[in-house]
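Look at Swiss-Prot and you will find Ser21, Ser142 tagged as phosphoserine, backed by experimental evidence. Taken from Swiss-Prot, the feature zinc finger applies to 5-22, 55-72, 75-92, 96-113, 123-140, 143-160.
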Amino acid sequence: MSMSATCYKCNRPGHFARDCSLGGGGGPGGVGGGGGGGGGGMRGNDGGGMRRNREKCYKCNQFGHFARACPEEAERCYRCNGIGHISKDCTQADNPTCYRCNKTGHWVRNCPEAVNERGPTNVSCYKCNRTGHISKNCPETSKTCYGCGKSGHLRRECDEKGGRN
């Protein structure tokens with residue numbers, strides 16, 4: 001095993017999450033779920049390891065734990081947030097609830113609350129260097145060359161020495 005491996009639970013090098021002494025699950029599928037029974041979709045960290053306040057349970061629709069550790073017996077509907085049924089059996093009108101901000105009326109992909117890998121913060125755009133949006137949502141339409149730093153062309157079109165590799 002490479003010493004450059006970084007643990008997704010504690011963010012320290014030298015081991016994988018499945019071997020982490022922090023514990024707390026993760027299982028064979030590791031962070032992000034997937035193969036072998038997985039550990040769910042845990043993202044980011046709070047500097048000291050796992051970020052419990054952002055773990056979202058898809059059984060009760062609350063933050064702080066995953067479904068495998070859910071204290072509620074009954075399942076909660078993602079659509080209306082009601083207890084005792086799931087979204088496919090919901091009789092409420094289709095009014096989506098955002099999993100990021102927990103507000104109704106939009107999906108997470110359209111959420112106005114900016115989030116980066118460390119959680120809800122004021123993100124910055126690498127294209128225009130302004131805060132409040134990410135590059136894919138950047139209002140700036142001009143191209144910026146990563147070789148010379150000037151706008152109006154891309155690196156592959158750069159005529160300056162050292163601009164094109």
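We number each residue from 1, going along the chain as drawn.
Cβ coordinates are placed from backbone N, Cα and C, and glycine is handled just like the others.
Helix, strand and coil residue tallies for the zinc finger (75-92), in that order: 3 helix, 2 strand, 13 coil [DSSP]. Same-chain residues lying 6+ beyond the ends of the zinc finger (75-92) with a Cβ under 8 Å from its Cβ atoms: 58-62.
The number of other CB atoms found within 10 A of the CB of Ser142 (phosphoserine), across every protein chain shown, is 10. According to its DSSP assignment, Ser21 (phosphoserine) is coil. Each residue contributes its Cα atom, and for Ser142 (phosphoserine) and Ser21 (phosphoserine) these two points are 48 Å apart. Model confidence over the zinc finger (55-72) stands at 78, taken as the mean pLDDT rounded to a whole number.
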